[in-house]
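What Swiss-Prot records for this protein:
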type	residues	note
ACT_SITE	149	active site, nucleophile
ACT_SITE	244	active site, proton donor
BINDING	222, 223, 224, 225, 226	substrate binding site
DISULFID	39-71	disulfide bond
DISULFID	121-151	disulfide bond
CARBOHYD	42	N-linked glycosylation site
CARBOHYD	177	N-linked glycosylation site
CARBOHYD	192	N-linked glycosylation site
CARBOHYD	395	N-linked glycosylation site
SIGNAL	1-16	signal peptide
């Protein structure tokens, strides 16, 4: 098995954004403020999250970025002398650099947020036209990660055409077979989106970051627009491939946190299933958005939280925790700390995520926002085997079966039809399993297996 896995290790794409010290080669692991706090942030919120990442053992598992999302600056203006953005003194009385320093003292890294427009999504000053100044500022503050959004775009920087993103957070739909029949002003078939105003806006910030004497991981957030999957890896180390994971903000549960909904997890997974095979590689990772694990009493079930994390990890999307860690429930923390999925996600040898190999509920390659591909597999030398994820996308308890002869990584090896299998959730050795493994799953739950050597 190990020899076979070594043979299929791939070489990175020639035009990928390769950064010093391996920054961005693997998908990011960390915590981000937006899903849990939105604009209700300050130094205490950020430093509490950083301390919890250490205290809860998440740092030891590779979670390293503590990201300050939107709303960190003064909203009305830049510094009239330097043109720099000004940290909100009420929220960050000692400035962003002080927060960054304290995070670095914990052995962690710090991220900041801006937008490739005139204002951020919450209406704060953004970086279009100020790329050099802002990149210099972020480097001076010793920032390690930049999330760069796509709000506040002036008319003279808007794209001449509209790109189809078959996502209800972006467009009304419906999306038959993943198409957008009602799309206004579609681009000609030969249009090169890498030369679009969108690509140029994001490229300008990359150029500014590259002039700094500091490596800053660059995360693009344009929600799949402008065919970003075709050029994102040239400009950033990750790029959002869909609309926001929770676009309908405002609904809260009894614990006063936003309620995450399974429908968005399924919809984004469905979109990602048609992208990962072509676009996800070392140095460039499609981003399914920040995690919702642990968000909202009365929202997703524990089973749905498990499936959400399993799918994001298997797809090797960046894993940015988006919940309040000082009040997280143990069952949710256990999901975020799953060693099997984190090992696969951070495998330094294999240059690809898990791919869907069977849709299950639907015929293969069916575009269905409610019932995405249910069977995924990917090789992992770090796990000494193949990761297999089985999803029950139905609304009721149902059985799923992994048939070894259908798993691509287990084919053509002349190894017979029996393999050593481990339960990826519990770590339990399931023994030598012949031909297939069958499991009953709750609604929207996922089984995780590591299929090892022939036996």
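Glycine is treated like the rest: Cβ placed from N, Cα and C.
Remember, predicted model here, so these are calculated numbers, not experimental data.
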(Q) Which one is it: of the disulfide-bonded residues 39, 71, which Cβ has the fewest other Cβ atoms within 10 Å in this structure? (A) 39
Q. Which residues does residue 223 (substrate binding site) neighbour through Cβ under 8 Å, counting only same-chain ones at least six apart?
A. 150, 165, 167, 169, 170, 240, 242, 243, 244
**Q.** Inter-residue C-alpha distance, residue 71 (disulfide bond) and residue 225 (substrate binding site) (nearest angstrom)
**A.** 23
(Q) Counting across all protein chains present, how many other Cβ atoms fall within 10 Å of the Cβ of residue 225 (substrate binding site)? (A) 20
Q: Would you list the other residues of this chain near substrate - those whose C-beta lies within 8 angstroms of the C-beta centroid of 222, 223, 224, 225, 226 - in sequence order?
A: 150, 163, 165, 170, 198, 228, 240
Q | Fewest other Cβ within 10 angstroms of its own Cβ, chosen from the active-site residues 149, 244 | A | 244
Q: Measure from the Cα of residue 39 (disulfide bond) to the Cα of every one of the binding-site residues 222, 224, 225, 226, then give the nearest.
A: 222
Q.
Give me the CA-CA distance between residue 42 (N-linked glycosylation site) and the residue listed as 'active site, nucleophile', in Å, as a whole number.
A. 20
Q: Specify the count of other C-beta atoms within 10 Å of the C-beta of residue 395 (N-linked glycosylation site).
A: 10
Q. Least buried of the recorded positions 121, 151, 177, going by other Cβ atoms within 10 Å?
A. 177
Q) For residue 222 (substrate binding site), which of the recorded positions 121, 177, 395 has the nearest Cα in space? A) 121
Q | Cβ neighbours within the same chain of residue 224 (substrate binding site) - under 8 Å, at least six residues apart | A | 163, 165, 167, 170, 240, 241, 242, 243, 271
